[in-house]
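For reference, TrEMBL has these:
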TRANSMEM  A:25-46  transmembrane segment
TRANSMEM  A:53-75  transmembrane segment
TRANSMEM  A:95-115  transmembrane segment
TRANSMEM  A:127-147  transmembrane segment
TRANSMEM  A:176-196  transmembrane segment
TRANSMEM  A:224-243  transmembrane segment
TRANSMEM  A:263-288  transmembrane segment
TRANSMEM  A:300-320  transmembrane segment
Amino acid sequence: MSQQLTQKVDVELPAQSVIPRARPALRWLMLAVGLVVVLALPWFVYPPVAMDIAAWALFAISVDLLLGYTGLLSFGHAAFWGASAYSTGLIAIKLGMPFPVAVVGGAVVAMLLAIPTGYLAVRRTGIYFAMVTLAFAQMLYFLANMWGDVTGGENGLQGIPKAFFGVELVETDAFYFYYAAIPIILIGVFIAWRIVNSPFGRVLVAIRDNPARARALGYDVERYKIMVFVLSAGLAGLAGGVFSISHGFASLQELVWTTSGKVVLVTVLGGIGTLWGGPIGAAVVVLLEDRLASSGFNGIGIITGTIFIVIVLAFRHGIWGTARNGLTSWLNRRRIKTGQRL
Amino acid sequence: MPAEATAAPLLETRSLTKEFRGFRAVSEVSLRVAEGTIHALVGPNGAGKTTLFNLLTGFLAPSSGQILFGGDDITGKQPEQIAHLGIARSFQITSLFDQMSLVDHLELALASPTGMGYRFWRSNAQLRRFRDRAMELLDEVGLGDRAGQAAGSLAYGQKRALELALALALDPRLLLLDEPTAGMGLEDVDRTIALVKKVAAGRTVVFVDHNMHVVGSLADTVTVLQSGQVLAEGTYEQVRNDERVITAYLGQAGDAHV
Ligand SMILES: Nc1ncnc2c1ncn2[C@@H]1O[C@H](COP(=O)(O)OP(=O)(O)OP(=O)(O)O)[C@@H](O)[C@H]1O
Ligand SMILES: [Mg+2]
């Protein structure tokens, strides 16, 4: 199939598209740098914190799939992160499964929960969509709180093992655990990248920019929204599962509405509509919280909140969006100077 | 010209009515559009033409009445279902994806009936199989040399042309065009007339236009709407000599164009 496609002659497109995208060479370079950073991270950052950054990065990417690429603000994504955190923990504890299997199981639970939620939520847009997702997340929160026999209630679900085919280093040492778990995060990021750069991703952007036109072209907008909602929940689930395995417990903190708010903050801070934004926002927020917490400071929320407001006001496209725009215009200016065609 | 065909019409509305909080924008409209004809819908501003299009394409639900397409009742169907049945429309107020390139617009439209849009696990390079056809359509509407440009950067008349190309990409049995020449220069108007004539072969077209030159050149049948109601219907010649029409519409606004 792809054989046949590559044989087709590409039509030369005369006028340059105004959509800013880095050139392929630059993209590969960025990818290489990104991978090196990911692999080197636990050498420079306390390994459990490095794992938190990775999990939150994927969590933010899952939110961006909705917010940046489809134009949907989910204000209840903790539901999927948290549901998977608990499910992953339960699978690991009760069934003694290796942790990657447990994490995948948790992600599946998250996706199953997302089907009815998505179905209800996509009938609404804007703030009403956010409200439906929030209401659903709150419901899960109360269920988890009530259902203490299974979830551990206020105490959380304790003693989640890091079973990994008897490899003791991974099961006991956070440094090695990072390298065993990071492929799950990277696979999640790859899935997001694949979705964004697929025909489906093209339709999502069309829906984001002009849903009525997409419908007139024959695209079933609600169905696409449900699909991306479920896919997004799956990615949030992978992230939440890795997070709870890494910590060895799942608590109500994973389901509470401030977690939903925090992930939106991380996403917007990093820059929406770009897969690099989530990881950058996650690195900033998680590292900052870690520094503030270890210095014994109590008003973490105030500091992160203030930084959030400042960045969003000063750089509307988030950290990555602003950096990228700056880089592209700098490159363009250079190309003009050196006489190259734009 | 098969103006008043005796066969069952391709499109039929029966007492179609749309009320907005008691205000009747479309009132008891019974329309019959014969297959293979070009049908113009004219009338002063606010006559209900766009509202009628929105009813026909499922963007609005009628308050009462029925819509039949090819003999089937399609009342209450959703826009995307109607698109798949073979009715494509352009929008009066240009409705595009501003950041998307022209060729991407066309690829998206061409991919719609194939269901490829659901393939989230495939590369979007798959959409390139539609590129040749996309370029053909862009050439047809005179936008071939702007294929890579973002739609938002087009001039108004060019956006109208892109609207037309998008509707054509769906290869519809029934093409609904809401003011396809609005805001165009004379030259582009004439090219659009020629293009609509050309693409009308083998299809049925219903269009709205205030430009009487366009109506006169294209329409087999003209329906005049006023205050949501059908005021007159017939050939262009018949309609423009109709006294009620002259007083209601042509007399004030249209004469200059005739
Ligand atoms: N969604 C709506 N809610 C309330 N009133 C509406 C709505 N849509 C249209 N109308 C009203 O219905 C009437 C018909 O509007 P419509 O847009 O169909 O007219 P038109 O014939 O297309 O006019 P024009 O030539 O200016 O495009 C107008 O009075 C308009 O204000
Ligand atoms: Mg109108």
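Cβ atoms here come from the backbone N, Cα and C positions, even for glycine.
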Interface-richest range of A:25-46, A:53-75, A:95-115, A:127-147, A:263-288 toward the transmembrane segment (A:224-243), CB pairs under 8 Å:
A:53-75
Six or more residues beyond either end and a Cβ under 8 Å away: which residues meet both conditions relative to the transmembrane segment (A:53-75)?
38, 41, 45, 81, 121-122, 125-127, 129-131, 133-134, 137, 178, 181-182, 185, 188-189, 192, 195-196, 201, 204-205, 207-209, 224-225, 228-229, 231-236, 238-240, 242-243, 246, 257, 260-261, 263-264, 266-268, 270, 272-275, 277-279, 281-283, 285-287
The transmembrane segment (A:25-46) and the transmembrane segment (A:176-196) contact flag, 3+ Cβ pairs under 8 angstroms:
yes
Same chain, outside the transmembrane segment (A:263-288) by at least 6, Cβ under 8 Å from its Cβ: which residues?
30, 34, 45, 49, 52-54, 56-61, 63-64, 67-69, 73-75, 77-78, 81, 189, 192-193, 196, 303-305, 307-308, 311-312, 317-322, 324
